[in-house]
Amino acid sequence: MTIAKMIDHTALKPDTTKEQILTLTKEAREYGFASVCVNPTWVKLSAEQLAGAESVVCTVIGFPLGANTPEVKAFEVKDAIQNGAKEVDMVINIGALKDKDNELVERDIRAVVDAAKGKALVKVIIETCLLTDEEKVRACEIAVKAGTDFVKTSTGFSTGGATAEDIALMRKTVGQNIGVKASGGVRTKEDVEKMIEAGATRIGASAGVAIVSGEKPAKPDNY
């Protein structure tokens, strides 16, 4: 598999414009990225632009704080699928995890998994920069139990992004049958190679073109 096919080509900034989305989808077609990852408001346009392409549309749920209710997250998923999303990246209830309310964390993830069943792949963002190693392991275990397809490191909107150490810990926890996505601060081909070596099977990056072309990113983003 080429590096491009492992990348979710990402534009999640709040000030993203239509022109930037059109560029993003054009680049996805050109380079063959796995997906474009966009905010829910851009799902429909992105799906229209990628009709017939190998790249699919990924969107974010409960993003970036994860502090919505399970019911709201489930509605977001259904709306996104209706608009053409084929993958959804949800943020867990981080406070509940820290409170050791494993039941709520699982119910929250399961609401998204159930809403997406048979229609969209689910990635669970655990926001590693806010967690202890014990919490990272517990978050991954709960996500697997709830039926996720992937676990993912970061939103790119908190205090830190992906590290090879976290990817290795997540891979060790979930085993070989669940995907692991590295996102947040992955900007170069070298960064990507480190993450893949540690166990990542998907990369979230706004610097996708720079990564596959070997050029320096014009303007580094957090994700």
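Every residue gets a Cβ built from N, Cα and C, even glycine.
Residues or ranges marked as active site, proton donor/acceptor by Swiss-Prot: Asp89 (among others). Annotation note: Asp89 (active site, proton donor/acceptor) sits in a strand segment as assigned by DSSP.
In this structure, Lys152 (active site, schiff-base intermediate with acetaldehyde) is part of a beta strand by DSSP. Feature annotation from Swiss-Prot assigns active site, schiff-base intermediate with acetaldehyde to Lys152.
Contacts of Lys181 (active site, proton donor/acceptor) defined by a Cβ separation under 8 A and a same-chain sequence distance of 6+ are given as Asp8, Asp89, Lys123, Phe150, Val151, Lys152, Thr153, Ala200, Thr201, Arg202, Ile203, Gly204, in order along the sequence. Per Swiss-Prot, active site, proton donor/acceptor is recorded for Lys181 (among others).
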Across every protein chain in view, the count of C-beta atoms other than its own within 10 A of the C-beta of Lys152 (active site, schiff-base intermediate with acetaldehyde) is 30
What is the total of other Cβ atoms whose distance to the Cβ of Asp89 (active site, proton donor/acceptor) is within 10 Å?
29
